[in-house]
Amino acid sequence: MADTPSVAVQAPPGYGKTELFHLPLIALASKGDVEYVSFLFVPYTVLLANCMIRLGRCGCLNVAPVRNFIEEGCDGVTDLYVGIYDDLASTNFTDRIAAWENIVECTFRTNNVKLGYLIVDELHNFETEVYRQSQFGGITNLDFDAFEKAIFLSGTAPEAVADAALQRIGLTGLAKKSMDINELKRSEDLSRGLSSYPTRMFNLIKEKSKVPLGTNATTTASTNVRTSATTTASINVRTSATTTASINVRTSATTTESTNSNTNATTTESTNSSTNATTTASTNSSTNATTTESTNASAKEDANKDGNAEDNRFHPVTDINKEPYKRKGSQMVLLERKKLKAQFPNTSENMNVLQFLGFRSDEIKHLFLYGIDIYFCPEGVFTQYGLCKGCQKMFELCVCWAGQKVSYRRMAWEALAVERMLRNDEEYKEYLEDIEPYHGDPVGYLKFFSVKRREIYSQIQRNYAWYLAITRRRETISVLDSTRGKQGSQVFRMSGRQIKELYYKVWSNLRESKTEVLQYFLNWDEKKCQEEWEAKDDTVFVEALEKVGVFQRLRSMTSAGLQGPQYVKLQFSRHHRQLRSRYELSLGMHLRDQLALGVTPSKVPHWTAFLSMLIGLFYNKTFRQKLEYLLEQISEVWLLPHWLDLANVEVLAADNTRVPLYMLMVAVHKELDSDDVPDGRFDIILLCRDSSREVGE
């Protein structure tokens, strides 16, 4: 099987089909120079959980759902993704596999992350489950050649069914004759990939060997494991026994001629029960065994064999009777806790402050507050140490309650972010000064915030109606609908192809000159930072930016100073997983379109450089004012996650072709500081005069 790129195996249940791929996957995972990512697909959702637990139980494999891969991309940690047939047939999955090499290079900056095995269980379902065949159509779009090996398993599929099932998902089918692997390697088919190979069938049901199932009965002089049977010379495992004048302490017992250690006991004439055994003058109970002159000290005591137990009893320190310490709050604290629990009843769930305000789940999805944590808050605001982490009170005055998943402090962080959504930089700075009495009291701030609950809800609905309409794809931005844009910018008269060409030209110039990306898009400063372009992972990338002082300049020059000192830096590590996944997926679709047109694929920026660009544009006040003036369908957004989400919507260019908004942003940014685009300069006086206008004026 090692020389066969595609195999189908038919074997009865219990024969060991799982180990057929489990052991090779462990071997792949143990390779240090290359990281392999494999995929297993089962027919039904009910099989997922048990399958993941079984394969990940030994700790040799990191196992995760395929949904994580589809939504977020490869995380660089998981060895095996497990999903169902619907995942295998989904467009997002096939697109990610098609663009695997490009995505890996952009994400991990290395080619040492490869696709390993594709395993499909219960292969016969592709042919026999006629009512689901329409759902399997997308599997034919999968690039099987990208995988190192494909394994198809079934317990019931004869060769005819297996052959039809393989052809239904786009493969050649079963081999019609025995294959000489040496001849196969010499053939021209070898260059066409796995999908052109006929699949070799291993029918283990025809084998005459028998596999014993279950447990065997016990005989004289046998060892009984997890069963209840004893003989004259038998050894009972997982039980404890005592005999005349013997002492049983937890799991060990002694007899006249034998010694039982840890979990084994031997007796001359013993009777085995579920947990304990007693002899001639003994009594069997569920946990303790006693004899005629013995005492079983299950509570960490030793018994005296000659009956004088009191003088020889040993009392360890842990046996001193002590009432467990319990914090006893005052009646005022208990009353406060009850009031807060009534006011915020859903903190036992994964609740956020938008849910508390009354927004629907579909609205929360786009008004998301991911990346809002302690680092979002300025220094000194809800960041005190040495106090309760949940409510920032002294421990004896803590008002948190058992089972609380969302702490009051976390809700206060999110409430502060909601207030930021509604205020520009100057207004937010004043707001932070107004709430100074609550800087060390998130619970008090939540009470203050909840008083304006309805007012805040209405404000968000008014101010972000345009944002929800665009991000929920209910409205599409068209540059031709922006009168000011058509009159004031050449970019708004470009075709979609021209905008894309300009976007790739900008990135090509940045790459050649090794320009620091974030600083360039922040203020058009073309400082060099070669370490940034040579960085192999996110950590090295951030260290390169920190070394040249990018984050310090950003905090001193822009509104980034209104957040914690680590806030921008952490955007490159643990936040924006969904956006990263969407961006990587767009690379795959872009690559596929270029290959279909016969065009040489363009070099696209990797994720960290792309995120640097969007962060630089977000904090570039001059650019933001110009874009909002020219593009009349959008208004201000004051949270970085909202800006990133907005930048990834599609807009209609002058020729009605779709381009991502971030490409249009880069073109406008280039127009502000370049002679490459005619009429590139913009009237700053006019911009400042109209920067305070309302959308729609």
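Glycine too: its Cβ is placed from the backbone N, Cα and C atoms.
These numbers come from a predicted model, not from an experiment.
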Of the residue ranges 419-439, 671-691, the one that Swiss-Prot records as transmembrane segment: 419-439
Intrachain neighbours beyond the transmembrane segment (361-381), with Cβ under 8 angstroms and 6 or more residues off its ends: 352-355, 410, 413-414, 416-418, 432, 439, 460, 464, 467-468, 471-472, 562-567, 570-571, 575-576, 578, 639-642, 645
For the transmembrane segment (419-439), distant same-chain residues with Cβ under 8 A (at least six beyond the ends): 378, 380-382, 445, 448-449, 456, 459-460, 463-464, 559, 562, 636-639, 642
